[in-house]
Amino acid sequence: MALEAAQYSLNCELRAHEDDVRGICICDGFGIATSSRDGTVRYWTPDPEMKHRYVLSKTLAGHSGYVGPLAWIPPCERFPDGGIVSGGMDALVLLWDLRTGGAVETMKGHKLQVTGLVVDDNGDIISSSVDCTIRRWSKGHEVELWEAHSTAIQAVTRLPSGDIVTGSSDSFIRLWKEKNCQHTFVGHTDTVRALAVIPGLGILSASHDSSVRLWTLTGQLLVEMLGHSSLVYCVDAHSSGLVASGSEDCSLKIWRDGVCVQSIEHPGCVWDAKFLENGDVVTACSDGAARIWTLHSNQIALPLELEAYARKLSLYKSNRKKVGGLNLSDLPGLEALQTAGMNDGQTKVVREGDNGVAYSWNAREYKWEKIGEVVDGPGDGNSRPALGGLQYDYVFDVDIGDGEPIRKLPYNHGDNPYDVADKWLLKENLPLSYRQQIVEFVLQNTGQRDFSLGASFRDPYTGSSAYIPGETSFLVGTVAKPAYKHIPKKGMLLFEIAQFDGIQKKITEFNVALSAEMEHKTLSLSELELSRLSAIVNILKDTAHYHSSTFAYVDFIVLLKILRTWPISMIFPVIDIFRMLILHPDGASKLLQHTKKENDVFLELLKRTTTPPAHAGNLLTYIRAITNLFKHSFFSQWLQVHCSEILDALSNCQASFNKNVRLSYSTLVLNYAVLLIGLKDTQGQGQVLSAALEIAEDQSLDDDSKFRALVTIGSLVSLKD
C-alpha cells in the first residue's frame, strides 16, 4: 500500500480515560482498544454518524492498578464480537468478552507488572513481565514458563513464523524458537522498551537510549533512527514502509527509509502509537487522551478542534518553559557540558529544547551524568509532584551517600514498594543491596506501617521471599548470586567533551607553519579547505541539531588529506575532530564507509600513531576516538574483528603513555569487556583480560586508571561460575 508524501493532521480525540492512556490495540477494523493508568480498558467503535471517527462502546474495569499492554482476539464462536487481552501493574492477565464487557478468564502467575502480550494462532496467550519471565496460557491456565532475561522484560512480539522476540532492561533483544534462544541482538545501550515486526524485513526496536533500530532476524543492524531527545516508549510499522515512534520528549515521529519525515508535538509524553490499516496513526498520551492522526485531507478535524488542540499544546509548552522557578531561556545550552565540573557531585541545569535538564559531575568517570528533567514541585501550581513529565503521589529526594548525587524516586499510592525499589535501582544502575533501605524509606515516608506481601511472593531477582521489615528473609531453592556496585559494568564510557576553539587554533597554527616551509608548502590547506574545517566544527558545536545536521563529502576529503599527508607530530588535533565526528549520527555513519578493508582510516591511523617513536598526543586522541566508536552498534563488528590488533599495537606503546593516555587506554579496555561480554566472545574476552591485568600490574599507575582496569577484570571474572 503506497501512501502519498503528505503530512499527518489531527483527525479526532478519544476522551474518556481519567489518567494517562498507556496502550493501544487496533482491532482489525472493528474498533480500537485503549488502556490507562486509571485501571480501565476502553473499547471504541466507528461512529455511525461521523465517518472516520469513534465513539466509546465499552468500559472494561477489573484491574486493581494501571493497565498496560493489550492484544486482540478476532470474532469467533466463543467471542462473536471479539475479545481483548489486558495486562496490568497488578501482575494479572485478563481476557475480556466484548459482547458482555466482562472478564471471562483471570490468569495469575506473574509476580510483577505484565509488560507485553501476544496471541498465538491457536489462541494461546503469551505474556512478558518485569519478573523476567515469559509465560504461555491456554484456556486460562499456565502451560509454559521460562526466564528469558536476567532483568525485567519490557516487550514481546511474535513473528509470522510463530517465533517470539523479547526486549529487556538488560538492553538485549532475543529471538526464541519455543524456549530456545536463537539469537541475541546487541547494540542498544539502555532498556529495550518496545518491539514491532516488519514482515519479510526484520524487527523494529525502541529504546531508552533514544533510538529506534531496524534489525534482520539474525541480529544484523540495518538502520538506526536518531531524532528523539528522550526515552522512546513505542514503535510500530505500516505496510507502506512508514514507521511511527513515540517518546518522553512529547513527540510522535514518522520515519521513512530511516529518515524522520514528520514530528508531531503532544501535550505530554507519547506512551504508545499504532497504525490503522489506512495509514492513520493512533497515539496514547499522558494527558489522558488518545488521538487519531490522518494523512487524508477529507478526514482532518474541524477548524475549531484544531484551534483548541493548538491552544492546549501552546499552554502545555508555555508551562514547561518555566519550571522549578527557573527561566529556561536564561539557561545555558548543551555546550555548557563541554566544561569539566569543579568537584564530584556538582550539579548544572542546561536547556534541552523546551526543557531544563539537570546534570551531575562524575569526577571518577570524568563526565556529566544526566539526573533528569527539572519540573515544578507541589508548590508551583501542580496538585501532584512530577518527574519526567509524569505526575506522582510522591517524588522523593534519595541521598545514597558515597559522594553520589541526589536521586529522584517517584512513587504512587497502591504501588508495590518492592517493585518500585527494584525498577528504580535498575534504572539508576545502583546495586540491589540497597533494596531494603529503599523499601523502608518508602514505607516510612508514606505511612505504610502495615504493608505486607502474600506468602507466595518470590523476589524475581534473587528467587527469595520478600523481606518484610522486622523479619528475616530466606532463600528458596538456590543461593542468589551476589550483586556488586561496579561489576559487571553496563554501558559504554565515552569521551564527549572537546575544546573546539583550541583544536581549530592548533590546526591553524600548524597550517601556517607548513605554509612557511618550502618543503611542506603543498601540504598546507587552502582558504576553501580551512572554511570547510570551520563548517565541520560549527556543526559539531551545535549539539541541539545533531538529529538533523549532516556533513558534506568534501568535509571528509579535507580531514583525510591532513591525516594522510601532514607530519606525524601535527595530526593529533584532526584525530580529535574524528573523535567528535563519531558522536554525531551522520558523522559516524559516513565514517563507517571509511572502514572498508582496502581503505580503513582507523587501521591506517593505528599504524601511523603507534609506529615508533610514538607521539603522546596522537596516542591520546586516537585511543579516545576508538573508544567513542562503542557508542554505535554498527561499529561493533569492526571493533570485535580488530580487537587483538588494536590492543596489541597500543600495548606496545605503553612506554610513551602519560597519565591521560593511560586513563584513556584503560577506558578502551573496559569498553571492550562490555562489548565482548555482550557478544559472548570468549576468545576476545581473554585478550581483554590480559590487557587489563597488564594495566593493573603497573605499580606506578594512577588510581582512576587502575580502578577501570579492576572493573574490567571484575566484570570478566564475574561471568565465571
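Glycine residues also receive a Cβ, built from the backbone N, Cα and C atoms like all the rest.
Marked as repeat 'WD' by TrEMBL: 60-106 (among others). Confidence in the repeat 'WD' (60-106), given as mean pLDDT, stands at 94.
Annotation source TrEMBL lists repeat 'WD' at 146-177 (among others). Here the repeat 'WD' (146-177) has, by DSSP, the following mix of helix, strand and coil residues: 0 helix, 18 strand, 14 coil.
Long-range contacts of the repeat 'WD' (185-217) within the same chain, counting only residues at least 6 positions beyond its ends with a Cβ under 8 Å from a Cβ of the stretch, are 154-160, 165-169, 171-175, 223-226, 228-237, 243, 245, 247, 255, 258, 427, 491-492, 631, 633-634, 636, 675, 678-679. Annotated repeat 'WD' per TrEMBL: 185-217 (among others), in sequence order.
Residue counts for the repeat 'WD' (225-255) by DSSP state, with H, G and I taken as helix and E and B as strand, are 0 helix, 18 strand, 13 coil. What TrEMBL records for 225-255 (among others) is repeat 'WD'.
The domain 'PFU' annotation in TrEMBL covers 360-456.
Marked as domain 'PUL' by TrEMBL: 485-721.
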Q: Could you pull out which residues elsewhere in the chain have a CB under 8 Å from any CB of the repeat 'WD' (225-255), counting only those six or more residues past its ends?
A: 1-3, 8, 190-191, 193-198, 204-208, 210-214, 261-275, 279, 281, 283-284, 293, 352-353, 388-389, 546-548, 585
Q) Using DSSP, what's the helix, strand and coil tally for the repeat 'WD' (185-217)? A) 0 helix, 19 strand, 14 coil
Q.
Is it possible to list how many residues within the repeat 'WD' (60-106) are helical, extended or coil according to DSSP?
A. 0 helix, 25 strand, 22 coil
